[in-house]
Amino acid sequence: MVSVSEVTDVCKVLESRLQHKGDITILLTDSRSLTNPQGVLFIALVSKHGDGHKYIEELYGRGVRSFMIEQPLHLWIDLFPEANFFRVENTLKALQLLAIAHRKKFSYPVIGITGSNGKTVVKEFLNQLLRKDFSIVRSPRSYNSQIGVPLSVWNMGEGHNLGIFEAGISRVGEMARLARIIKPTIGVFTCIGTAHQENFKTMEEKLQEKLLLFLDCRVVIYNADNELIRNAIRSSGLEARGLGWSMRDRSAPLFVEDVTSTEEMTSITVCFMGLIESFVIPFTDKASIENVIHCIAVLLYLKPAMLSNADPFLKLEPVAMRLELKEGNHGNIVINDSYNNDYGSLDIALDFQQRRVRTPGMRRVLILSDILESGMLPKTLYRNVAALIRDRKVDKFFAVGRELAKQRTSFEGIDCSFYETTADLLESQELKSISGACILIKGARQFRFEQICDRLSKQVHETTLEINLQSIAQNVEHYSSLIKPETKMICMVKARGYGVGSYELAKTLEDCHVDYLAVAVADEGKELRERGVRMPIIVMNPEPTTWSTLLEYKLEPEIYSFSLLRKFMAATMEHGLRSYPIHIKVDSGMHRLGFSPNDMDELAQLLLLHPEVEVASIFSHLSAADTPEFDQFTLQQIRTFDHAAHALAARLPNKPLMHILNTAGIERFSEYQYDMVRLGIGLYGISPNGREGLQDVVRLRSTILQIKEIPAGEPVGYGCKGVCDHNMRIAVLPIGYADGYRRCLGLGVGQVLVGDKLCPTVGNICMDTCMIDVTETNAVEGQRVTLFGDPRIPIEEIATRLDTIPYELLSSLSPRVKRLYYRE
């Protein structure tokens with residue numbers, strides 16, 4: 001909480017107009033997250049692809065009365081006479097200054113976590129291990145950015161006695177700001193890897209930047225067996241405060257004497273201060289083992305007595321890193337967040353639900369279990385939960401658990417149903433009555449809400465295409481870093497978003513504040529509009545038979561010929577429209593669609609006679625920007641376009657945008673970015689030039705239906721084409737050429753990742769199934785396998801084997817392959 005006068009002092013306000021003196025309790029940076037306007041300060045952040053100032057009018061109408069802005073005060077004060085305005089030089093820096101001032105109010109220990117991977121897992125493991133002994137405030141999910149960190153630290157309060165915050169960076173200069181905000185007393189460095197390496201000259205430079213978080217720490221915990229980290233700790237002057245753990249060096253402060261894994265568990269024996277303790281954890285993978293050892297080191301420093309009780313380590317639960325979206329029965333959308341449950345993450349999940357409501361009339365349903373070990377008294381906790389449900393306008397609430405039932409009076413005025421157990425809810429049959437709703441399922445692991453999710457979700461093909469929406473956002477950010485801040489971005493969502501699904505892709509891109517979407521045909525744009533997407537949409541292949549659809553849904557056509565232009569102008573005249581935006585395509589050498597460069601004079605004359613349309617942009621398409629041997633051709637295309645576009649623009653009354661760069665063009669010819677660029681396959685982490693820094697987005701997975709033992713010499717599959725050259729264990733998968741897994745991947749051409757081994761296909765690919773050789777694995781029926789999308793079996797490699805491109809593989813996957821969307 002901060003007073004209005006403190007905001008002026010803390011944020012270096014250049015000028016202000018104050019109409020109210022109430023305290024600021026909530027910092028808001030995204031207008032879509034507003035619930036209750038009381039005590040809200042909206043901070044109008046300005047970035048490459050978004051400007052918070054354009055949401056001030058909407059928020060004022062919804063009751064917000066305090067705004068932090070960068071634009072001159074006189075532009076706003078008369079329009080919104082009841083509002084407080086604070087003008088600062090940079091709103092992001094002002095947000096961070098507010099968080100720094102807030103952090104100074106508290107003297108309890110704060111754990112700061114950084115590293116390339118494992119930050120969120122270590123944070124959540126520590127929360128599980130410490131929550132019975134401490135009242136903890138921590139980063140929600142993966143809030144570790146320049147915006148996420150100050151919003152996380154703002155949640156610190158007098159009722160807490162321990163903070164756990166994670167910090168992530170992507171370039172030099174960022175960590176110093178985060179260090180001032182978090183000001184940790186205990187530091188944890190998880191690991192170092194290649195993430196965001198493209199913005200650092202060397203791995204050592206990135207390490208030194210990350211270690212800036214720990215300059216004021218009393219202790220820094222790290223893996224002393226990692227030479228890079230060990231050397232960086234030494235050169236940073238942190239060695240004297242280091243608590244390095246080692247599996248090799250017995251003189252280390254924490255020596256890991258033994259690590260023994262069975263099929264499902266791992267025993268860790270450690271030695272510290274002459275004492276030996278053993279812990280059993282329910283994980284066997286290397287990353288989880290290292291994450292737990294970091295936690296042991298934290299407990300060793302923070303509260304050594306806790307290490308005498310090994311029970312909490314055995315009860316550690318996997319950290320649910322993803323929130324899944326699925327198509328439900330009866331027209332429902334199901335958001336599955338059923339593996340963790342606390343008050344802070346409930347607010348975030350409800351915010352996500354609010355953004356995914358597809359139509360204004362779609363109902364919001366919440367299924368929630370008891371919230372365990374919150375650190376709050378039950379009456380206070382559930383009163384807060386009820387307030388959150390009211391603020392988020394949940395239409396129906398299903399409460400599962402004895403504690404919720406005891407607190408039912410807190411939920412008066414809310415449409416609620418109370419059940420003591422998950423089984424009671426499932427047996428009630430009440431779930432069958434839900435239709436046309438967006439359903440959020442959120443529960444503590446012991447309630448096994450996955451049963452509810454299964455009941456509500458469509459029964460689908462066991463082959464799924466998993467799409468990481470957060471990785472899409474990170475890839476947009478990556479390509480944004482390659483262009484100027486003022487350069488706009490179009491994102492291609494045509495062909496059902498290259499096969500991944502255009503709606504969820506469009507909503508994610510809308511959240512990223514890109515400037516335009518582009519679809520192939522008007523019906524694709526219509527579907528997005530009907531599902532609530534409001535940003536500008538270009539139709540790349542418009543057809544005269546769809547003019548009425550295009551105009552009704554405010555879709556902007558690509559115009560590539562005189563005949564098409566005349567037909568569209570006639571349609572706009574018929575509808576009585578003026579200045580309707582169109583996008584002029586110039587054929588600069590690809591010889592597909594587009595006006596000839598020689599047509600510019602005639603085109604300008606025609607456009608000047610018809611005010612019904614207005615040229616929003618002039619563009620062309622590079623045909624070989626990904627191929628160095630054709631660079632001279634690409635440069636000639638750019639010269640041709642440049643001459644034609646400027647010749648046309650000079651004759652027009654407005655100033656249209658210009659764009660020619662596609663994904664490969666952004667990577668290799670960014671100096672020709674003009675006013676806008678078009679991002680396509682790069683959205684999915686697929687670079688035509690193998691550029692580092694992109695995140696994998698899609699993963700095709702299936703399930704082993706059956707395993708058979710086949711003697712050597714026996715044939716497998718149609719035409720007896722596959723013959724076992726040894727005694728073979730084969731696994732049958734429910735994916736075939738009808739799903740888009742091409743027939744030519746049979747006979748060993750294709751491979752499938754089973755566990756950590758690549759297994760070749762056996763025999764021909766069938767219409768609905770295929771067979772693989774799992775002789776060298778411990779595969780079992782029901783096991784999930786990966787067909788592409790893992791670093792060990794990337795989609796580019798499959799495309800190379802088929803002599804095609806990743807675009808074709810993605811866009812040809814059948815609709816019966818279920819698309820599963822999730823966020824880390």
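The backbone N, Cα and C atoms fix where each Cβ goes, and this holds for glycine too.
As annotated by TrEMBL, active site, proton acceptor applies to Lys494 (among others). Lys494 (active site, proton acceptor) has a Cβ environment of 20 other Cβ atoms inside 10 Å.
Residues or ranges marked as N6-(pyridoxal phosphate)lysine in TrEMBL: Lys494.
The substrate binding site annotation in TrEMBL covers Arg592, Met767. In sequence order, His621 are the residues of the chain that are 6 or more apart from Arg592 (substrate binding site) and have a CB within less than 8 Å of its CB.
Feature annotation from TrEMBL assigns domain 'Alanine racemase C-terminal' to 697-822. Per-residue confidence over the domain 'Alanine racemase C-terminal' (697-822) averages out at a pLDDT of 92.
Sequence-distant neighbours of Tyr718 (active site, proton acceptor) (same chain, six or more apart, CB under 8 Å from its CB) are Gly763, Asn764, Cys766, listed in sequence order. The annotation active site, proton acceptor is assigned in TrEMBL to Tyr718 (among others).
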Distance, Lys494 (active site, proton acceptor) to Met767 (substrate binding site) (CA atoms, angstrom): 27
Cβ atoms near Met767 (substrate binding site) (within 10 Å, other residues, all chains): 11
